[in-house]
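Engineer: Quick paste from TrEMBL:
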type	residues	note
COMPBIAS	886-902	compositional bias 'Basic and acidic residues'
COMPBIAS	909-918	compositional bias 'Polar residues'
DOMAIN	394-881	domain 'Major facilitator superfamily (MFS) profile'
REGION	883-918	region 'Disordered'
TRANSMEM	391-411	transmembrane segment
TRANSMEM	484-507	transmembrane segment
TRANSMEM	519-539	transmembrane segment
TRANSMEM	545-568	transmembrane segment
TRANSMEM	589-608	transmembrane segment
TRANSMEM	620-641	transmembrane segment
TRANSMEM	662-682	transmembrane segment
TRANSMEM	694-712	transmembrane segment
TRANSMEM	724-744	transmembrane segment
TRANSMEM	756-776	transmembrane segment
TRANSMEM	788-808	transmembrane segment
TRANSMEM	857-878	transmembrane segment
């Protein structure tokens, strides 16, 4: 044979720092060492594990891919006794995307492989077939070992025993059935009726329908006399795990799965031993991946893997019943749509760049939605929801914590006039709200990450503690500055409470029953919208003083924390089991710092601009520049490092999340602008007390509470939330518009009538986006998605309370300055209720008109925002909260084998166009 010219570089797909794959022409061609060979690739196999490559498992500069096939072109040194020779056609399994061996992977023109794991192609098989064997066979063999079955294909069991194979029509399932049958055991396949024929050809002795779990489990128990000991789950979903655990006999047994075991299921039976089969372990090399996939090399498993590879070669050579293997038979719960199991090497760039990067091919839309819904439904089904008194007490604690936050938003609104009177700091009015919302916004998204990677219970309790400290500082504040600092500390705690209460609800109430509980949360916000100003006014006008507006949080917080500490049990997700170093890296410290700096700079600029300093002042310009730089840096960080992002791009670019975020921003801005300045209108224009101003907000609150329950009942009844979102937002726009009509002599009937449609629309619009996010997102993304929506709501409120203050103050100064006898300087120093003191009746009438017109600027701002927010409502997806399980994909049998699997391999000198690998 003529010498083969081996180039020094090759075309390959390598990992990037952005957690993506990119095509390079400069990847080095490795040189085989002792025990290794170099293969020129012809076909590449894609496995479910390949989908993880762009989900936090990429290694910068390392080649990806695990299965391929081709021709041997070089042997390592001292290969004289090797059974392989140059030109042999082989299939190989390699450990791609490995930090310790970055030049080894299947997504390349040339692949380095361990000689012991190479399978020589027997007659009757194509190289495409050989590219789809390695990982599947190793996973099936390792599962047999981990299950501790009483027999092997080399040493069959003398006593037949039943072995459950969930997913018996999948590639791994069909191989496992054949191996267990050769081991003298009796495989029972659980699959779709469409796959029964394939499972029977794979030696399954009985088949049961996965779509009727109750009947199938009963039949299996009858067949095995309730003595089933072994179950291998080739699907790894919540439903498959639950099925296996139910089918295993009363004495317990062994359960092995291709997915990380679901703790909510495995903990239900202590007598069932659970395990996670990961076929790549057989290579015996260190696997440098995040847990639970990462693990050190195991020499014992390597020896077992080598024996398994030789056994496979023999079985193929001797004619083992070998069914068609095609990736479309895999039933995986992840929301990816995979290409066929074996593909030409020159197709690999097209497939990986479209599928592994989660870009949508032309026919993906329908499947993406179905898988996404199934993933959410399965994850929801895994949760062990509390019931009875325990549920009541847990939800009470969640509601109490939310009550804290909701009350603190507006309890200070009616106390502000007295606070400014005491501290003589009317210019700080906006800061009492902005400081609170500023830190709430800045830390909201970080808490979303904290809840993802740490214990929900611990983070929730820490949030309450921080909030309590801030409340204590506010209550004891000796100055306006101290009060602002206390509000900022309380805002940090409220960020964790906001998201935590919603997440606790998610883990306590199934999605289809959740809307009434969401309505309770909305009702709490509605009630506190009145109760807050009312209590604030009552404390302010009594001997307790305004300081008890903050001290009241202390006992409420203590009760909520005590209930949570003793009762709350939220199962940790897989991310919570990551090493501490990995968790800290994924918290996105740089992104959070940039976001914090951007928000603080923006709100400070809005607070100072036009009041303390003119807009053209260098300080204001500098703050806006810092804002722009920080926010742009934040966005860049999220895009470049999506796996560590505070807001992962795949969440925010989801249509309903993006639209809901925009709607929540506008709704939060409208709500806070209106509810913050309406009590001031009642006190300054109508001359009522702080208590009375709170009472006069009752029309808004009652309408909001009623709307919350009406819409919740409607959503649960029809299963759709979009009709209510569209109608509610429209009603809110009408109500906000009516509030801009408030005048000095507006009657009681008018201001009551104006508030009702506003409150009704607000009650609907506030809760629907949260329901939508829990419907469209998989469970592991709900904490982040929830935090994004709450962040947008709070950010809108924080920005536009400051904007409203600016509009109000600037307009007031402009109008009052032309009224004789009014000192503009004193106007800016005095409290809100003292502005009109000492004026003559004629001057006071003019001042009231000016004051009213100035407040209407804030209400007009709310109207504009509510109308703009309607665009977000229109853009949300129409989805049902009543999740349905999708039908199983049609399996591929031998008679339906695709051309890509059975066709002749690509010639060595094949030329391809574009960016393909050839």
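Using the three backbone atoms N, Cα and C, a Cβ is placed for every residue, glycine included.
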Engineer: Among 519-539, 545-568, 589-608, 662-682, which stretch has the most Cβ pairs under 8 Å to the transmembrane segment (694-712)?
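Structural biologist: Ranking 519-539, 545-568, 589-608, 662-682 by Cβ pairs under 8 Å to the transmembrane segment (694-712) puts 519-539 first.
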Engineer: Is the transmembrane segment (589-608) close to the transmembrane segment (662-682), in the sense of at least 3 CB pairs under 8 angstroms with a sequence gap of 6 or more?
Structural biologist: no
Engineer: Which residues, given as numbers and ranges, are at least 6 beyond the ends of the transmembrane segment (391-411) yet have a Cβ under 8 Å from it?
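Structural biologist: Sequence-distant neighbours of the transmembrane segment (391-411): 385, 433, 436, 460, 464, 467, 471, 490, 494, 497-498, 500-501, 504-505, 508-509, 517, 520-521, 524-525, 528-529, 531-533, 535-536, 549-550, 552-553, 556-557, 559-561, 563-564, 567-568, 672, 675-676.
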Engineer: Considering every residue in the domain 'Major facilitator superfamily (MFS) profile' (394-881), what is the mean pLDDT value?
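Structural biologist: On average, pLDDT over the domain 'Major facilitator superfamily (MFS) profile' (394-881) sits at 82.
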